[in-house]
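According to TrEMBL, the protein has these features:
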type: DOMAIN; residues: 6-40; note: domain 'PAC1-like LisH-like dimerisation'
type: REPEAT; residues: 104-145; note: repeat 'WD'
type: REPEAT; residues: 146-178; note: repeat 'WD'
type: REPEAT; residues: 189-230; note: repeat 'WD'
type: REPEAT; residues: 231-272; note: repeat 'WD'
type: REPEAT; residues: 314-335; note: repeat 'WD'
type: REPEAT; residues: 336-377; note: repeat 'WD'
Amino acid sequence: MSLLSERQKEELHKSMLEYLRANNFTSAYNALKEETGVEYTPDPKAKYAGLLEKKWTSVIRLQKKIMDLETRNASLQEELSLAPSKRAAMQADWVPRAPAAHVLTGHRQSITRVAFHPQYSLLASASEDATIKIWDWETGEFERTLKGHQKVVNDVEFDHKGHLLVTCSADLFIKIWDSQNEWKNIKTLTGHDHAVSSVRFLPGDQYIVSASWDHSIRIFDVASTHLVRTIRGHTDWVRCVTPSDDGRLLASASKDHTGKIFDPLTGEQKMELRGHEHQVEIICFAPIASYDAIRELAGIPNTDRTKRPGVYAATGSRDKTIKLWDTQSGQMLKNLAGHDNWVRALVFHPSGKLLLSASDDKTIRVWELSTGRCIKTVEAHTHFVATLAWGRQRVSGKANGADGGDSKPGEEKLVNVVASAGVDQMIKIWLP
């Protein structure tokens, strides 16, 4: 069905005929005249002379004007968003944007991992230069260097109180450092037969879980440093291991192209997540706040009101994709494609509505979970981005927080700060 009235159609046809005649397109002129059946007598003084060209140039002028207005509008919106009253309202949906607030330099080789202190404005970074560095992310100041590992430090994490820091290395050792006692190396754990690639405190902080190039996952008792359990299931290097919030599940990612879900108490494999076409670099459980958005994305009826941790997980791979999974059935719910290189890090937004990813394509991408769309790309680094972390510090309701938009005054929220780092040896701190 045409959008034009009969009169508008006739005017358009006559304008086209005049344009074809004026440019000596005789065959096209005759064909159009015959097809349309329009009675047209050329007249250089008639209103159709040059009408098509005039309309066309005015459309281009209008398009340019609209684009200029849209740019101006975006600029004004940005200015408004920086106003204190607006900034507070937007805090719940804050995501990193360039430029970074601080750029921390000091490591002499690639940075492998960053981790936030859960209470203070401290950040720990691990590097291929065999050191760990402690920084104040609020001021951007360097605090100290921790030395003890002999080779690449692959991972670093604080316990839930921030009293202890755990690190692991290609030197086969896991080390625990006391943040309350001059950051001394108070314990060294052994047990792996090859480079240790990942380490995490289990909820409660009595145990740590580690993953290694020796294809195993191991659980250690922090107090005694004894090896409690060895979990085998992967057929190649285990890149990453992480516990669910209640500690009842472990998720691992491996060079064998799979993610796996294990029971830490028995070592039993609960599920295999198979679908990536290359090494799986990273795996993380989705927070409960994101369940509604993930169900909407996957078309899962919202009759399932499960609020148990560990129901969904996300993986990032060298096949350049991110996949979302149902950990109970092993079903892949959604494939998120957009990065141009290996996906190295994933972190869920505290609101539960977004997922942030970092890649060897030097960018951080922000994905809207309910639609699976990439809604923002931040040109973050000058080289591969290896790690990404969201601040763990909790702040009162009216402060710079991000845990959902409808929190009441006095409620705690996660602080709005993101850190990224990688092969360019720079840590970037992203703040509102």
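Cβ coordinates are placed from backbone N, Cα and C, and glycine is handled just like the others.
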Beyond the flanks of the repeat 'WD' (104-145) by 6 or more, those residues with Cβ under 8 Å of it: 151-158, 160-162, 165, 167, 169, 171, 177, 179, 183, 384, 386-394, 417, 419-423, 425-429
For the repeat 'WD' (146-178), mean pLDDT (0 to 100): 97
Same-chain residues near the repeat 'WD' (336-377), Cβ under 8 Å, at least 6 residues beyond its ends: 92-93, 95-97, 278, 281-284, 286-294, 296-297, 314-318, 320-324, 383-390, 401-405, 413-414, 418, 420, 422
Per-state residue totals over the domain 'PAC1-like LisH-like dimerisation' (6-40) - DSSP helix, strand, coil: 28 helix, 0 strand, 7 coil
